[in-house]
Amino acid sequence: MNVVQGNIEAKNAKVAIVISRFNSFLVESLLEGALDTLKRFGQVSDENITVVRVPGAVELPLAARRVAASGKFDGIIALGAVIRGGTPHFDFVAGECNKGLAQIALEFDLPVAFGVLTTDTIEQAIERSGTKAGNKGGEAALSLLEMVNVLQQLEQQL
């Protein structure tokens, strides 16, 4: 039986982090978590990490698509925070952001890790950006590292 599964070390991986500025006090913590994970666990060097800042979560897919189209990266991490308010705006932003990022992964055959918080309250967002519910930026980086390795193995074996 042949089993393909990734590990989290990817020393030579070139990673782009596309991050929204909206809710910056939260997303900066997500960025710290992602960078720490990439460097400490993935052994990814600073020169192999590019950070792209965009205004908000709606702009993440377009920037990620441009990064993917460049062909210079092994994977993309998308970071942001969308918090439900009193209008349906949350549903549109969260849904379109998620759908757009998933489409890029499939279109370019490139791992795109979803580190965009979609929460009902500010408290939930704070919990997921480095306090008692962990750091979703770090978790997105772990997922990306593993998928970079899985895809490399599949390319070699198939």
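Residue 1 is the first one shown; counting continues down the chain.
Any Cβ shown, glycine's included, is placed from N, Cα and C.
Over in Swiss-Prot, the protein carries these features:
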{"type": "ACT_SITE", "residues": "His89", "note": "active site, proton donor"}
{"type": "BINDING", "residues": "Phe22, Ala57, Val58, Glu59, Ala81, Val82, Ile83, Phe114", "note": "5-amino-6-(D-ribitylamino)uracil binding site"}
{"type": "BINDING", "residues": "Gly86, Thr87, Arg128", "note": "(2S)-2-hydroxy-3-oxobutyl phosphate binding site"}
Secondary-structure category, per DSSP, in which Val82 (5-amino-6-(D-ribitylamino)uracil binding site) falls: strand
Arg128 ((2S)-2-hydroxy-3-oxobutyl phosphate binding site) and Phe114 (5-amino-6-(D-ribitylamino)uracil binding site), distance between Cα atoms, whole Å: 13
Nearest of the recorded positions (Gly86, Thr87, His89, Arg128) to Val58 (5-amino-6-(D-ribitylamino)uracil binding site), judged by Cα-Cα distance: His89
Binding-site residues listed as Phe22, Phe114, least Cβ neighbours within 10 Å: Phe22
Maximum Cα-Cα separation in Å among residues Phe22, Ala57, Val58, Glu59, Ala81, Val82, Ile83, Phe114, which the record lists as binding 5-amino-6-(D-ribitylamino)uracil: 16
Neighbour-count leader, CB within 10 A, binding-site residues: Ala81, Ile83: Ala81
Among Ala57, Val58, Val82 [binding-site residues], residue with fewest other Cβ within 10 Å: Val58
Greatest C-beta neighbour count within 10 angstroms, which of the recorded positions His89, Arg128: Arg128
Spatial neighbour of Ala57 (5-amino-6-(D-ribitylamino)uracil binding site) that is closest, considering only the recorded positions Gly86, Thr87, His89, Arg128 and their CA atoms: His89
Local backbone state of Ala57 (5-amino-6-(D-ribitylamino)uracil binding site), from DSSP in three classes: helix
Inter-residue Cα distance where the pair is Arg128 ((2S)-2-hydroxy-3-oxobutyl phosphate binding site) and Val82 (5-amino-6-(D-ribitylamino)uracil binding site), in Å: 12
DSSP three-state assignment (helix, strand or coil) for Phe114 (5-amino-6-(D-ribitylamino)uracil binding site): strand
